[in-house]
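Asker: For Asp52, Ser53, Asp91, Lys121, the entry in TrEMBL reads 3-methyl-2-oxobutanoate binding site. Here TrEMBL flags Asp52, Asp91, Glu123 as Mg(2+) binding site. The active site, proton acceptor annotation in TrEMBL covers Glu190.
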Amino acid sequence: MSVAKKEYKRVTVKTLVDMKANGEKISMLTAYDYTMAKIVDGAGVDVILVGDSASNVMAGHETTLPITLDQMIYHASSVIRAIDRCLIVVDLPFGSYQSDPKEALRSAIRIMKESGAHSVKLEGGREIKESIKRILNAGIPVMGHLGLTPQSIYKFGTYTVRAKEEQEAEDLLEDAKMLERIGCFAIVLEKIPAELAKKVADSVSIPIIGIGAGPHVDGQVLVLHDMLGMTHEFNPRFLRRYLHLYEEMTKAISQYVDDVKTQDFPNESEQY
Ligand code: KIV
């Protein structure tokens, strides 16, 4: 289906709200380094999330919990140097905002000042309301994140679909309305039933960006390394792989090894 797409020179938080109002879907991908961010930005993606999924895909940790604020700032600064058009959202990592609103603000300020990012994302609803308000009061745009919140994995115990039960679904809807009320510019909904995601998207005027939340939301986000098929052991139902780079890269690198061993590389034209 062809969709009306307005050309935005630079995507801002206001652009995203306008996109929702105009019915234009928002595309968001993660990136954690300069080279990938340059490709993502050049390809026309609207929002780059410097996600704490860097803890998994860049550093090889099992969860997102170990990544530090300094490491997030390093990733975010590399991404910022690459972009011309995208809005950049940076995750506040686990442990940098949960203890109290002052610490949350300090962490958000460090990200904005030291990386040059445009906004931050925090996982959670009512339990972190005061921290979000404190950050918003400082003029820093905040994206919320509800549903499956990987920083709380040890509370949930599994990465299965959230908010299937009525009470959890009601709480999530209330949290989304609260995040809109206090001034968040958008919300990520992760791994919840598509019908609930639709209800949330219809109930608020700020954009709802889904990952495993079905098609009736205002935009989609995927982890770049997953959608490019660089990771191959992670296979959730919601993931569409646009390439199979794990296999492609393995083939190319094996070919290089062969070429070095057989002295095929470098050849006459590849030397001085
Ligand atoms: O860190 C991340 O990549 C995320 C997305 C899964 C939304 O938060």
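Cβ atoms are placed via backbone N, Cα and C, with glycine included.
Remember, TrEMBL labels are computer predictions, not curated facts.
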Asker: Please report the three-state DSSP label of Glu123 (Mg(2+) binding site).
Answerer: coil
Asker: At the Cα level, what's the spacing in Å between Lys121 (3-methyl-2-oxobutanoate binding site) and the residue listed as 'active site, proton acceptor', rounded?
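Answerer: Cα to Cα, Lys121 (3-methyl-2-oxobutanoate binding site) and the residue listed as 'active site, proton acceptor' are separated by 13 Å.
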Asker: Which entry in the list of binding-site residues, Asp52, Asp91, Glu123, has its Cβ near the fewest other Cβ atoms, using 10 Å as the limit?
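Answerer: Output over binding-site residues Asp52, Asp91, Glu123: least Cβ neighbours within 10 Å is Glu123.
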Asker: Suppose we screen the binding-site residues Ser53, Lys121, Glu123 by Cβ distance to ligand 1 with a cut-off under 6 Å; which survive, in sequence order?
Answerer: Ser53
Asker: For Ser53 (3-methyl-2-oxobutanoate binding site), what is the tally of other C-beta atoms lying within 10 angstroms of its C-beta?
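Answerer: Around the Cβ of Ser53 (3-methyl-2-oxobutanoate binding site), 19 other Cβ atoms lie within 10 Å.
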Asker: Residues with Cβ closer than 8 Å to the Cβ of Glu190 (active site, proton acceptor), same chain and 6+ apart in sequence?
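Answerer: For Glu190 (active site, proton acceptor), the qualifying residues are His145, Leu146, Gly147, Leu148, Thr149, Pro150, Arg162, Gly210, Ile211, Gly212, Ala213.
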Asker: In whole Å, note down how far the CA of Glu123 (Mg(2+) binding site) lies from the CA of Ser53 (3-methyl-2-oxobutanoate binding site).
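Answerer: Approximately 13 Å lies between the Cα of Ser53 (3-methyl-2-oxobutanoate binding site) and that of Glu123 (Mg(2+) binding site).
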Asker: In the same chain, outside Asp52, Ser53, Asp91, Lys121, whose C-beta lies within 8 angstroms of the Cβ mean position for the 3-methyl-2-oxobutanoate site?
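Answerer: For the 3-methyl-2-oxobutanoate site the neighbour list reads Thr30, Leu49, Val50, Gly51, Ala54, Thr64, Met72, Val90, Leu92, Pro93, Glu123, His145.
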Asker: According to DSSP, which of helix, strand or coil covers Glu190 (active site, proton acceptor)?
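Answerer: Where Glu190 (active site, proton acceptor) sits, the three-state DSSP reduction gives strand.
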Asker: Using Cα coordinates, what distance in whole Å links Asp91 (3-methyl-2-oxobutanoate binding site) and Glu123 (Mg(2+) binding site)?
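Answerer: Cα-Cα, rounded: 8 Å.
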Asker: Cα-Cα separation of Asp52 (3-methyl-2-oxobutanoate binding site) and Glu123 (Mg(2+) binding site), in Å?
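Answerer: Here the two Cα atoms are 11 Å apart.
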